[in-house]
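S.K.: Encoded as structure tokens, here's the structure I'll be asking about.
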Amino acid sequence: MILVNRETRVLVQGITGREGQFHTKQMLDYGTKIVAGVTPGKGGTEVLGVPVYDTVKEAVAHHEVDASIIFVPAPAAADAALEAAHAGIPLIVLITEGIPTLDMVRAVEEIKALGSRLIGGNCPGIISAEETKIGIMPGHVFKRGRVGIISRSGTLTYEAAAALSQAGLGTTTTVGIGGDPVIGTTFKDLLPLFNEDPETEAVVLIGEIGGSDEEEAAAWVKDHMKKPVVGFIGGRSAPKGKRMGHAGAIIMGNVGTPESKLRAFAEAGIPVADTIDEIVELVKKALG
């Protein structure tokens, strides 16, 4: 497991909103330790037995917090993430999509400088199977096992996790890094953590067209990775210049093309699955 486990104490920013309340219940049902919530103007109330504060600073004065998850509307989401980082919260999971790109550029830089780790935006979050879920993924498809997943896609992640669970391989930690062009944590940031994690025996890297994160990850794998990695690239049939579902899934010139990603994976010795079921076959093969 990496980053989170059943002891991780979680703050929910935007806990009183519709999504915030719904997912707080889902996370609590999964066993996640939610210690506090924040919604400006709603301090002193409770949501599902969780105390609500007006500010993150106030919440951390009353509770030990290891991670924050953010369900705040797009115009205020980057500021919410910065508020968490300034309060010293080490892990920040930003679910919100549609955050202005310039807001994200600023937030990512500042959060890094403050020493916190940002996952997202526009991501499903992070789950350590059967331990804790800090996100919006369907918890029941994640069975505890041997494979780490890092993904730019939400739904493909759930399908891959379900397939690995059904095959008896299961997952350790799964991180949805988000589908936007500017995100806080990339494949390359997480690979070293899985590389050192005693429970993870193989890693599935679910990329998609657009950007160069997959290429950078492949270069890192080639030079440093001790464990087998299996790749998958979503959106391989997409035409150039057309955004496919995610803001980050757009091919500009020769950067972000499926060919460029497949070439990088091939050079790093990463086998690439064409289907979700093939991910399972390749992981089985890699683990012997």
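Each Cβ is built from the backbone N, Cα and C atoms, and glycine gets one as well.
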S.K.: Going by Swiss-Prot, T16, G17, R18, E19, I95, T96, E97 bind CoA; tell me which of K33, K42, K112 is listed for that site too.
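M.R.: The record-listed residue among the candidates is K42.
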S.K.: DSSP three-state call for T96 (CoA binding site): helix, strand or coil?
M.R.: coil
S.K.: Under 8 Å Cβ to Cβ from E19 (CoA binding site), same chain, six or more residues apart: give me those in sequence order, or none if nothing qualifies.
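M.R.: Counting only residues 6 or more apart in sequence, the Cβ neighbours of E19 (CoA binding site) under 8 Å are F71, I95.
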S.K.: Return only the integer: C-alpha distance in Å from K42 (CoA binding site) to H246 (active site, tele-phosphohistidine intermediate).
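M.R.: With distance taken Cα to Cα, H246 (active site, tele-phosphohistidine intermediate) is 33 Å from K42 (CoA binding site).
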S.K.: What whole-number distance in angstrom separates the two most remote CA atoms of the CoA-binding residues T16, G17, R18, E19, K42, I95, T96, E97?
M.R.: 24
S.K.: For each of the binding-site residues (R18, K42, T96, E97), count the other CB atoms lying within 10 A of its CB, then report the residue with the highest count.
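M.R.: By the 10 Å Cβ neighbour count, T96 comes out on top.
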